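**Q** Below you'll find the structure I mean.
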Amino acid sequence: QWLSDRKKRALQKKDVDIRRRIELIQDFEMPTVSTKIKVSRDGQYIMAVGTYKPRVRCFDTYQLSQKFERCLDSEVVTFEILSDDYSKIVFLQCGRFVEFHSQHGHYYKTRIPKFGRDFSYHYPSCDLYFVGASSEVYRLNLEQGRFLNSLQTEASESNVCDINPVHFLFAMGTAEGKVECWDPRTRNRVGLLDCALSSVTADTEIEGLPSISALKFDGALNMAVGTSTGQVLLYDLRSSNPLIVKDHHYGLPIKSIQFQHQLDLIISADSRIIKMWNKDTGKIFTSMEPEHDINDVCLYPNSGMLMTANEAPKMNIYYIPVLGPAPKWCSFLDNLTEELEENPESTVYDDYKFVTRKDLENLGLAHLIGSSLLRAYMHGFFMDIRLYHKAKMMANPFAYEEYRREKIRQKIEETRAQRVQLKKLPKVNKELALKLIEEEGEEQQSSKKRKQKNLPSLLKDDRFKVMFENPDFQVDEQSEEFRLLNPLVSKISEKRKRKLKILEELEAQGQEEEEEPEGKASDAESSESSDDEKGWVEEVRKQRKLLRQEEKLKRQERLKEDQQTLLKPQFFEIKEGEEFRSFKDSAKKQKLMKKTLEDRLKLEEKLGTLNVSDTTVGSKQATFKLKKSEQQRKQQEAEKRHRQERKTLRRSASHLKSRRGRGRLFH
């Protein structure tokens, strides 16, 4: 997707896979989303409906292109091709409309009383059976051109329906998780299956009541039912219990069910995955997870081709040669698949290296994240293989020497293994290996007495080989878990350490190792083991005391470090126009906000900031006085003082003038 057009053209010249990529049907897509897809009975036409705008497109397989396109007034819920070709089509639309199309285009439009969800066509009587958001099943006769008496069911709503192609039994799946079967000849109900109860097994986990979301007949006796919780149930019509229950394990409603007769497979699909499984055993044959959500699946008759309608403009076409041959209009697919199997070619990603974020940090290329040199993909990135090799050489220039040295060491070890070897302990986890050797010797002795077969040793098992070779698997005896889970490890380890010293001395001298090194007598060892069994409680207590003391010492060290660090006071400047308020004010405000409006009004009335009075009309009138902030109050006080000072100055000036006037008169 992120390759440029020029790069794609260059790849088409080099890459055989891209040159072999073919487009079976030209412009096999919808403007936004495709909802349903079907094939005509003669196999020549593929019809699909989608949006937006609501439309139907017909593709001619003989011409490998689109034949016509018709826009509709509202979105299509489902449709049915009544004729062998595209000349008679019925559309059930979401606005309760039923629209009929002939070869030339729109023919007739009618409406049903309730919103429809699915319909089926009964060929012997030319009746259309509509199910939807109602307890009734509406019948529209196309020969007479009028609605007939509807079938009254026990269900509140119905989701899907189907008619058996052999004996024309009508079946409908309800929102309560039941399947009702009706005989169109007598218009009576002849059977009821409780699929919701049967779908709950020991292995399944269900949230809520499962409703029926898909229904399909196979022959005269088999019927497959899909539930809204992701289970598919296969029934024999002669039994009320399902033959097999298959869970998709996604909890999503089953959208489509198809039968593949050549391999006895059932193809069931929800919005995320398409599963193919054997209808006799339930064993998975294969599964496919497309990039976009699935709306419908259509199996091309008598072939291995599969088509899907998705939540994307492109409608996918899959060809699986195992399921059957390619259709006659694209028979060249069989030759192409044989050539692809014979000559496997390289892919586009051979020039790129996939690296994770941790790999980039080890190579020192983490700063390239977000640049054009790295392309994000899944949990990592794609980068050019040449850049990767250069960065790896710079990060570890001696990698090849280390690799060569390791290979030489492995070759030497392989040649040594062919020689007659002494009993040698591994380099990693020597004590654990010695313990296993001792236990193996004891088991051999006991098995000889009991005449039992010896179990294989962990030291000889390839699955645990790395534990005695890689230093990362070294057991840490100082860890808390090891000390608490192994209370007697100190005493047992002392004995093993003695044996290890003896074995190392024997290896150094080149002598053969004895199975039991010289040491204490067996009766002394048995007495020690009995003492250990008695004192295991004391050992556990001792280890716990030691752990507590270590924790106490760590705490004291932390306290000393905290005392040594000096905490300097920090000062914060308050911006202009803001005032500092204590935490008490905020607590008072929170308490005040929790009170009711009546209590708050009473409190405001006491403070004098609220005045409630009755008007002449009979309603209440409330006047509020806004609280003055500290800054406003200070400003008003300063203005008041300024006014008083001016008044005193005026008085003093007038007094001086009057005195001067009197003095002149006296002179």
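Including glycine, each Cβ sits where the backbone N, Cα and C put it.
TrEMBL lists 507-517 with the feature compositional bias 'Acidic residues'. Per TrEMBL, compositional bias 'Basic and acidic residues' is recorded for 627-642. The compositional bias 'Basic residues' annotation in TrEMBL covers 643-667. According to TrEMBL, the feature domain 'Nucleolar protein 10-like N-terminal' maps to 1-343. The feature domain 'Nucleolar protein 10-like second' is assigned by TrEMBL to 348-396. If you look up TrEMBL, you'll see 461-487 marked as domain 'NUC153'. Here TrEMBL flags 507-536, 616-667 as region 'Disordered'.
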**Q** Check the domain 'Nucleolar protein 10-like N-terminal' (1-343) for me and report the mean pLDDT.
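**A** A mean pLDDT of 89 is what the model gives the domain 'Nucleolar protein 10-like N-terminal' (1-343).
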**Q** Per DSSP, what is the residue count of the domain 'NUC153' (461-487) in each of helix, strand and coil?
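**A** Counting residues per DSSP class in the domain 'NUC153' (461-487), I get 15 helix, 0 strand, 12 coil.
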**Q** Work out, from DSSP, the number of helix, strand and coil residues along the domain 'Nucleolar protein 10-like second' (348-396).
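**A** Counting residues by DSSP class gives 25 helix, 13 strand, 11 coil.
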